[in-house]
Amino acid sequence: MNKLILLLILSIIIGVSISFTPSKDTLFFEDFQDVSKSSSKWIRSSNKEYSGIVEFKAANDPVDASDNGLVLTEGGKRYAISYELSKPIDNSNKELIVQYELQFQEGVTCSGGYIKLYTDREDFNIEQVNSNTPYSIMFGADVCGSNDRIHFIVRHQNPHTLLHEEKLITAKPSVRKDKISHIYTLIIRPDNTFTIKVDNESVLDGNFHDSFTPAFNPPKEIDDPTDSKPSDWVDEAQIPEPGATKPDDWDEDQPKRITDPDATKPSDWLDNEPLLIVDPSETQPAEWNEEDDGEWEAPSIENPKCVSGQCGEWVAPTIVNPLYKGKWEAPLIANPAYIGEWKPKQIPNPQYFNVENPYIVDPIVAVGIEVLSNTRDLLFDNFIITHSQEEAQQLLQENWKEKHTAQKERQAIKDAEEAKKLDPSNGDLLETIKFYLALFQTEANQNPLLYLVAFSSLLLPIVFCFTRSKKPSQKKLKSDDDLVDTTSTSTTTTTVIKESVSIQDKPTIESEESDDDDDETTKKSTVTKRTNKVK
Ligand SMILES: *[C@@H]1O[C@H](CO)[C@@H](O)[C@H](O)[C@H]1NC(C)=O
Ligand SMILES: [Ca+2]
C-alpha cells in the first residue's frame, strides 16, 4: 500500500469536520480557521468600557483541536469587536440569512450572546463602536438569570419623526443554556415573513406586519383623547334582583360540615393500644454502663396491632352538611339600564403611516459582537450572511453538525458519570470501556469514515515501520482521538455575577419579565435519601 495515498485519504477525512467554503455570492463568512486573517479583520473598539479580552482559538474541550472560534475569555467584562464588510448588504427583494454558532463553554449566568449588524452610515467608525452605534438588526441569544430570549430587533426609521425606533419581536423564543454548541439562524423573506431557527429547527415563524412590538405600522385609528365616559353611563351588566328576600327556611348559621350521624366505632377498634411500643426483641447491651451512658431505654417500634390504624381514641368522621346554604344573596338579574362597556370614540391617527415592506432593513456595513458577559469563554464561530438558505444549511451540515453530535454524546457521558458518582454501586472499568466502544460505534455508524480513521491510525505506524519512512505526520490524528476521549476537563464553572452591571444597550427591554419556561436541557440527578427507620 502506498503511504502517500493513505496520508491523502486521512487528510481528506480529517478535513470533513470543517470543510465549508463560501461561494462568490456569500456576503459574509467567518470560521476563524485563518487566525492571522481573523485577527486583522476583527477590530476591537477602543472605547475604554470594552476591556474584555477576545482570543481566536479552539474550544477548551475541543472535538477538533484545529477548529478555532472567537472566544470572549473573561467573565464580568464588556466586549465590542466588529468586522467591516467589503460591500454593504442590501436585502431588498432578496432573502437574507444570518447565522452563527454559539457555545457557553463554561455555562451562562448573565450574558449577551447576540450579534449586531451595523447600519451603513457616514459616521460609522469600527474603532469607536459602542452600545449606541446604530445597527439595522440585532439577533441572537441573551440570558440573564431565569430570563432568556432569542432577540430579533430591527431599528427602523419612523417616516414621520425620522427617528429610528427599535422593533422587537413580541415572542420570546428561548435560548439553549447548556454548555454545547448551538447554531442560530434568522431568515428574512421579501414577503415580509421571517423564521428563527435553533439547530436547524424552527422556533419562531413570524410576520413583519404583526409579530413586532411596537408594530412597524401604527394603528390607523386611535382613541379620541378628548372623549370621556359620561357620568350617567351604566356599565353594570347585572344587578341584584330588587325586592328579593331571604326564604324563611334559609338558615345562614348551618356549618359546612357535620359529624357523620351514621358512623359507628368499628367493633375491633383498640381504644387503649398505643401507636408505638417498646421493642421486645431489644435488650440492654452488655457493654452498656448506666453510670456513663445513663439509664438504658429500649428503642420503640410501631405497634404491630395498629398497622391498620385502628388504635387510640375513636373520632367519628365528618360529612358535608346537607342543610348548609351559606350566606344568602339576592339573585342577579340583567340590568335594564345597562348601556354597554364604554369605549372612547375612534379618530384617524394623525401619526399614521404605512410601511409596505418593513422587511427591508437599512443597509448593513459591519458585523459585531457588543455584549456584556458574566461568564467566561463564550465561543462564537461559523458566521454567515447570505442570500441562499441552501448555503447556510450547507455550512451547518459541514462545520457544525458533527461537532454538535459529538458534544451531545460527551455530555450524555458526563451526566451518566455524575449520576454514577452519586450512586455508591459504582460501575467498573470494563463497563466504562464497553460504554466508550459502543459510543464510538454509534458515531461511526453515522459516519463510516471514522472506522477508516480508527483503522488507519492503527495501521499507519505499522506501514511506516515497515517502509522505514522518516516523518509520519501524526499531529492531525489528535482530533479524531478526541471523539473517543471524553475524560477531559471537568466542569469548573467559575462564574462571576455582578448585580451592579446590567446589559445597558437595550433600553426597551430592561423591565420586561420573562414568562418563558426554562427549557434547560441539563439533567439533574436525583439523590435518593434513605430515611432511617424508627428502631
Ligand atoms: C436542516 O433542515 C432541513 C429541513 O428544513 C433538512 O433538509 C436538512 O437536512 C437539515 N440539515 C441538517 C444538517 O440536519
Ligand atoms: Ca471554526
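Keep in mind that glycine also has a Cβ here, set from the backbone N, Cα and C atoms.
Here the structure is a predicted model, which means the values were calculated and not measured.
Copied from TrEMBL, the annotated features are:
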COMPBIAS  220-232  compositional bias 'Basic and acidic residues'
COMPBIAS  253-265  compositional bias 'Basic and acidic residues'
COMPBIAS  510-520  compositional bias 'Acidic residues'
DISULFID  Cys110-Cys144  disulfide bond
REGION    214-272  region 'Disordered'
REGION    499-535  region 'Disordered'
SIGNAL    1-19  signal peptide
Subject >> Contact set, same chain, for the compositional bias 'Basic and acidic residues' (253-265): CB under 8 Å, 6 or more residues outside the stretch >> reply: 314, 316-321, 323-326
**OP:** Pull the DSSP breakdown for the compositional bias 'Basic and acidic residues' (253-265) and write it out as helix, strand, coil residue counts.
**Re:** 0 helix, 3 strand, 10 coil
Original post:
With DSSP helix as H/G/I and strand as E/B, how many residues of the region 'Disordered' (214-272) fall in helix, strand and coil?
Top reply: 0 helix, 10 strand, 49 coil
